[in-house]
Each structure stands twice: as C-alpha cells, then as structure tokens.
Amino acid sequence: MTTLSPKDVVIVDGVRTAMGKSKNGMFRNVRADSMSAELVRALVKRNDFDTNEVEDIIWGCVNQTLEQGMNIGRNIGLLADIPKTAGGQTVNRLCGSSMQALHTAAAQIMTNQGDVFIIGGVEHMGHVGMMHGIDINPEASKHYAKASNMMGLTAEMLGRMNGITREQQDEFGYESHRRAWAATQAGRFDNEIIGIEGHDAEGRLQLCTVDEVIRPDTSMESLAKLRPVFDPANGTVTAATSSALSDGASAMLVMSAQKAKDLGLKPRARIRSMAIAGCDAAIMGYGPVPATQKALKRAGLTVEDMQTIELNEAFAAQGLSVLKALNLLDKRDIINVNGGAIALGHPLGCSGARITVTLLNAMEQMDTEIGLATMCIGLGQGISTVIERV
C-alpha cells in the first residue's frame, strides 16, 4: 500500500442505488433528484462527517431537463440537507459525466480550490428519454458521419473493423449477466448498494437493493435467437449485447488526504491519474483506448500493471474492440469481474462514478492494489481513471 501526501486526492467512500429497468421498473415512481438525495444522505450517514466541510456537490447528468433540469446538482444538495454554504453544479460529458465529476473535484483539490467534495451522477431514462428535447444541427453531417449519433451503428462499425464475431459478442453478453448474478448472490454488491424505496410489479412499496436489469436465466442459446437490432440486414449487435436502458444514481465522497486525516476518516483509495481523449465520432466506442494510454503514461504505469479493470460495456462489440486494442483479451478474468453495463444497465449520468465504485469494491474483494476505470463517450471521447488502494 502507498504512503499518502497531504494533497493526494483520496476516495473515502462510494455508493450507488440498485439499477432499475427504465420500462415499468422499480423506480418508475421515484424522481431522479429524489433518489440522488437519498443516496447523498446515506453517504453522509455512513461516514459521519461534518457536512459544513463540503465545498461543492458535483453531479453528472446527461439530459438536463424536466426533473433532471435546473441544476440538479444544486437541487440534490438542498434536498439532502447539505448546508447551504456548499455549492452545487451539474456536469455533462455524456456517458462519462459522473467520472468527469470525479475528475473536476480531484483537479480542484489538487489546485487548492477546496478539500471535500461529494460527487456522483444520475439518469432516470424512464422519465427523461435519451433523445428528449435533442435537436442536432443539420450541418453536423458535413463534419462527421450522420450515423455517429446512432450509438448502435458505431458499435457495428467497431465490430467489423476489429473482426468481432456475433458469437464472441453473445458470449461477452452472457458472461456479463452470469458474473453480475453470481456477484449478487454472493453479496459482492452489498457494500456499494444503498436501498432506495421503489415499487414492485404490483405497485407495492419495497426497498430496492437488487439490480433489476440482470437476467439470471440468460443462456447462449437464447442469445443466439435474437435478431440484430441496429442493422437488421447485416449486423451482429443485438439488444442482449447492448447496455440496457435503466434508472439509477451513484455517489462518492472525495477529499484531500490531509482533510481525511483531520476528520478521522480512513481513505479507501487515491487517484493516481486521470485522462480524457477524443476519437472519431463514428467509432466513439474506441475512446477508452487513447484515454487509457494517456492515463497510464501520466501514472508511469503500463496496462500490464493493472490488476483489476472496469470497462463500461456500452456494447459487447465495443468492449471487445477496446480490449483487443489494449491487448487485454486474454485478461478477462480481471475485467468486469462482477459483470458490466450489459447486465447492470447504463443510466448515462450515473455510470462513471458507478463503475469507479464497483472497481474499488472489486479491488478490495480481490485484494489488488492498482485498478483502472474507463468508458467510451458518445460523439467520440474516452475517459479513464487509475486508482490505487491505500
């Protein structure tokens, strides 16, 4: 384990909601800002610290309208009874929004612009559709391929470029569900999931503590029967090898190492490096490759040094293409060990902090020291974070 410097950015804790189905799911009657506020309250209670120390609440959210509008980051702080002296902001880097929230807080800590931050993200894709209110510039097709706005087609492109077969994708999707359900049954999500009240299929109030999107009965045989959904004539990407539409929130408590010591809080990890990178919008799923290469270089590490990895599974074709480019195809046993977004869902603004929290818990369960969280971002970006247990 590493020795901390006073200005090291440390992760004290991280939590998330269970992931709910967006269509008639368990959070169908729960607002995005309400579930986020519940999560923040639970994070504060679990760590028992003086919230007057909070500099800012930084929340990732992609479609910032309706219940997710009017600076949801600030609204969450007020709903969660965080002192009004703390600020609140909402950030949008599409799929990487809540990982960007983490990066923003880390940068402020590193530059003496605050010591304690609550970060996280949310997306209620059942209440606020992914394309709600979106008006793409008609001239955009002069600058990048029109299909770049259709995430499934970008996955098809990556799959063809990298020779990813339909069977490989089906196996990847099957394994995501298998691992996620095994993790659920073994209690490996218990430390990260905070129960939020929702409703069962009959409308009865229930405490939601199990990811609703996982399909325990998934089999290779059932996946093989599905038709391609984005390119019906020639495609290989199906609904089962795409991340599910879902509702959920995630949150983390981050601060300087010195402030954690002053408050008597034990850090779980420190941030070693962070990076953003762009790529062609038509192959947006490739973004984790250059972002990870940057982050590793900044940390003075190589991909071989990574002991546990969380890669957001936007699509199986995309995930496998990234693993191929990073020479990680033969290291699947350390990647998404508890399943990924194909099984758990991908609530856009939630996912960045969610995979970082899941990574940290997996590292503790496997007793590894160095880990990587990385994800692709629509319109051609990638974001990566390297963390080290302390």
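Heads up, residue numbers simply count up from 1 along the chain you see.
Every residue gets a Cβ built from N, Cα and C, even glycine.
Feature annotations, courtesy of Swiss-Prot:
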| type | residues | note |
| --- | --- | --- |
| ACT_SITE | Cys95 | active site, acyl-thioester intermediate |
| ACT_SITE | His346 | active site, proton acceptor |
| ACT_SITE | Cys376 | active site, proton acceptor |
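DSSP assigns the residue listed as 'active site, acyl-thioester intermediate' to a strand segment in the three-state reduction. In the shown protein chains, 33 other C-beta atoms lie within 10 A of the C-beta of Cys376 (active site, proton acceptor). Every protein chain considered, the tally of other Cβ atoms within 10 Å of the Cβ of His346 (active site, proton acceptor) stands at 27.
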